[in-house]
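These notes are about the structure you will find just below.
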2 protein chains.
Amino acid sequence: MSRRIGDIDVSSAALSHRNETLPQLHSVGKPKKESILKEVGHTIKETFFPDDPLRSFKDQPASKRFLLGLQALFPIFNWGRQYNLSKFKSDLIAGMTIASLCIPQDIAYAKLANLPPQYGLYSSFVPPLIYAFMGSSRDIAIGPVAVVSLLLGSLIQEEFDPENDAHNYLRLAFTATFFAGITQATLGFFRLGFLVDFLSHAATVGFMAGAAITIGLQQLKGLLGIKKFTKNTDIVSVMHSVFGQVHHGVKHIEKGINPPSLHQIFFAGPHVIKGFRIGAIAGIIGLTEAVAIGRTFAALKDYPLDGNKEMLSLGTMNIVGSMTSCYVATGSFSRSAVNYMAGCQTAVSNIVMSMIVLLTLEFITPLFKYLPNAILAAIIIAAVVNLVDFEAMILIWKIDKFDFIACMGAFFGVVFISVEIGLLIAVCISFAKILLQVTRPRVALLGNLPGTTIYRNVQQYPAATRVPGVLTVRVDSSIYFSNSNYVKDRILRWLSDEEEANSKINLPRIQYLIIDMSPVIDIDTSGIHALEDLVKSLQKRDVQLLLANPGPVVVTKLHDSHLVQVVGQDKIFLTVADAVRACTRKSQEEA
Amino acid sequence: MSRRIGDIDVSSAALSHRNETLPQLHSVGKPKKESILKEVGHTIKETFFPDDPLRSFKDQPASKRFLLGLQALFPIFNWGRQYNLSKFKSDLIAGMTIASLCIPQDIAYAKLANLPPQYGLYSSFVPPLIYAFMGSSRDIAIGPVAVVSLLLGSLIQEEFDPENDAHNYLRLAFTATFFAGITQATLGFFRLGFLVDFLSHAATVGFMAGAAITIGLQQLKGLLGIKKFTKNTDIVSVMHSVFGQVHHGVKHIEKGINPPSLHQIFFAGPHVIKGFRIGAIAGIIGLTEAVAIGRTFAALKDYPLDGNKEMLSLGTMNIVGSMTSCYVATGSFSRSAVNYMAGCQTAVSNIVMSMIVLLTLEFITPLFKYLPNAILAAIIIAAVVNLVDFEAMILIWKIDKFDFIACMGAFFGVVFISVEIGLLIAVCISFAKILLQVTRPRVALLGNLPGTTIYRNVQQYPAATRVPGVLTVRVDSSIYFSNSNYVKDRILRWLSDEEEANSKINLPRIQYLIIDMSPVIDIDTSGIHALEDLVKSLQKRDVQLLLANPGPVVVTKLHDSHLVQVVGQDKIFLTVADAVRACTRKSQEEA
């Protein structure tokens, strides 16, 4: 029947009715106290095992569990059972396509890493085979990539000269590859995969663009046939070298498959630390690239990708690779894109590519002797030019200026200083942003949207109106030690500003301060103390504090700290509207 | 008239009415685009000038501005104009009281810093005088404090032996004091006062307790009259030394006021760096203590305290102190508490204390020769025993387990390793917590509180009911690179879990996913990409995405990135209730 009552009047009538009958229905919930063990367990689970990897093992007999474990470690035993001829046809075509792309790429990338060309081919033989058995992506194609090759090349030559001390250079390269694998496998094993997320999208865009420019500049050597070329990667040194003299020569490429190289890895002596440092950096960059590629294609085809499992398989393949004359391999973006376009179905395309590389190594490598330097340089430039993603940069500028600073920091760091410093700059800027926002959170002034019980930021909703005598603010962050004093001072500043403005136009003075706690997810002991100080300051000014919609953690902590007695249990409300109504009712009673 | 309509039925009728008429009233606000300069300016203002220090200078003639500037630098010219005899009486009594406390304390603390006793008295003469002119607190009493004295003592003796190389030891102490002042003044001048907040309450409690235990153990030397005592501050070394032999002797105390010491400061050579390192640490600890004390008393008496101005005055007093034979002084908690209790009105009580110290230095220091070591040790132990705040530790344990870990990290670090390492541990743990919470934010499941249009966390409000076919979640953090993938995966996991549960009990499948964006204050480019991936994944599963209550920054970024077209402008709602209604209405139309 109430539906028949006329237009706009109803809503306010209905609302005022709601205002008086409903609040008794619900009070602010105080969650049951969880034991500390349960709490810690929950944090650990969400940090390290958000994907609940053992879920499928539950309530299974031992034999089934063994099979599931085997399938978890080697996904090929899982998808292999549904493998059929039609899938193989697709994989065969895709594998042949990427093989034709990979052979010149491998030779070119090996040059970037200052290694003889056959090592690029070796790295496209063993690692893809291992990945095919252990990896969970269906689209990634494995092999050396430009950025990691450049990184290895520039870091190792700081220790050994690639021409005069080629033997030690090679040994350090295998050592770095070994430790890259160890780093990757360790991160995966300890489920620290989320650390890869610490390299933000913006930082990656900047880093890749910087690396591409650096690699491109290095190719001027091959393209222009310059003999004496700088080993520094920064733009100034390279430009100095460009104006030089001409040279020609194509190196001989060894025939035959990967020789063993376990005995060449430094396991003792001063080079272990160096190998570890270089390997850890190369391993993390490799991971970042592979995980980003894996995620992209997994989202396109909508299948799950387990980041930690990926790391474990990438790590294993690099550890084995370091013992079979390979240098760091990872998921290659250009190869994976071609693989996907050519219609690959499973990781079998990697096996096909690997077999073609095997045949190449056995029979046709001598032919590559006649591949000119200029062509190799052109191949690399063509591959890296797409890494400079102007569109992404423009979008980053439009969306988030701070991200853009991180992106440019990475870019200029790589171009003008070094690959490592560029990365470090980007990671630091990204974290500085998070810390800055936690240190200086917004404290928004709220107003009522006319005709509703909704309270919103007056900056975003200019129509929102303020209630006389009541100041409503919302703290837009959890309250931690790093912002607790700021939040308290900011709220008091709003109050002073309001009182000053009110006194000018003879409005009634502020009697109530309502804090909307909705975005305050957590509060620590410093935050509790700041709230306590706030209550004291407000009492001095004869202003009442009311809290609206505190979350479960905050409610628990308010009770544990007995701050709830200081504020008053009856001053905590389910919604801002409820709190405002309590204020206005009290004012009316007093009047 | 609607008010007369009966009980509970009305509310739902009224609500259903509201549901159909009100949403047209307001749409999600898109704030006007601010220029980049304005945006950056706002960030800088809130980071460095949240207190708007130049506000009072606005619209003032030049002469007035000069006066205001002078008053800003020397607050004594401001409050001095209202100073009167009755205030002076209070300050005189308070000053005499703290002087009687400070003289034995000074002698004892100088021993902690391995300095001759008169240097403690010197440090209670010059610095309080300067603070009285520049400081903004009315209650702080200035002088050497136990923790900073211990810190200086333990750090400087790593470089020079205080007994065999007393001259250089003293020089390094002045150098450290000079740089402590420089550090403090620089932080204040560049308005970096907020950095002091990075030492959380929990870390401070743990650090102070650890320092108190360390200092107390050191006193066993004087208390038991042991001659050969370890110089290490850790508990193991001290216990070894305790079981030793007996000694007696009270040193001679120099008569006369502070000699100049500018020429003794190391301004060149290898000791400058060491002095700087020690000074920076001592300066920051000193600041933390002074600012904490200043804030406590300012809150009690409700007057404003300018953290940056405090730093500038503390810094100036220590720079001048280092040139007049003082070592690092700061606000002392025990002295300030006595000052407050004795009824101090202004910083004049510091001047009174300073004058009494002056008289002491000139006339009665020789008498202190007969002050036994055991008494000095007892004075120190009595002063530091209150620094072990068990109640605060228990409260920290109750409120926040992570804070407790930081507190214990600081405590055990100081007791078992060193003062510096203890501090470092505490700061690192505190930041790790913030980063962990930003990396793994809660994603809560929401339900409708029956009889209202309010949606709340079902964990906190078990009465909240779910709407069939609709999954409503709330992301409890801004979406950044470090959590964007987790948030996306977590939402998809909720969806899978729900679908699995629904299929078991034959409930309709989930058709709509509503994300309550209220706590999502900001989103960066990685977050935008994650949302885009989420939309794609949901499309594959035939689930519609709806967003509720995005804030001003998020709305702007959704538009800038054109993600708003992907999601659909009509899929963004003012409240969760509006979004749910749109879903149910659409379902009814389809049915």
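For all residues, glycine too, the Cβ spot is worked out from N, Cα and C.
TrEMBL assigns the feature transmembrane segment to one of the listed ranges (B:59-81, B:312-334, B:473-495, B:565-587), namely B:312-334. Stretch with the largest number of CB pairs closer than 8 A to the transmembrane segment (B:278-300), among B:168-192, B:198-217, B:312-334, B:346-368, B:374-397: B:168-192. Packing against the transmembrane segment (B:374-397) from elsewhere in the chain are residues 104-105, 107-109, 111-112, 146-147, 201-202, 205-206, 208-209, 211-213, 215-216, 219-223, 225, 334, 403-404, 407: each is 6 or more residues past its ends and has a CB under 8 Å from a CB in it. Residue counts of the domain 'STAS' (B:460-583) by helix, strand and coil are 62 helix, 21 strand, 41 coil (DSSP-based). Here the transmembrane segment (B:404-432) sits against the transmembrane segment (B:198-217); at least 3 CB pairs are under 8 Å, leaving out pairs fewer than 6 apart in sequence. Packing against the transmembrane segment (B:346-368) from elsewhere in the chain are residues 76, 79, 83, 87-88, 91-92, 94-96, 98-99, 102-103, 106-107, 117-118, 121-122, 124-126, 128-129, 131-133, 135, 137-138, 140-142, 253-258, 339: each is 6 or more residues past its ends and has a CB under 8 Å from a CB in it.
Confidence for the domain 'STAS' (B:460-583), expressed as mean pLDDT, is 90.
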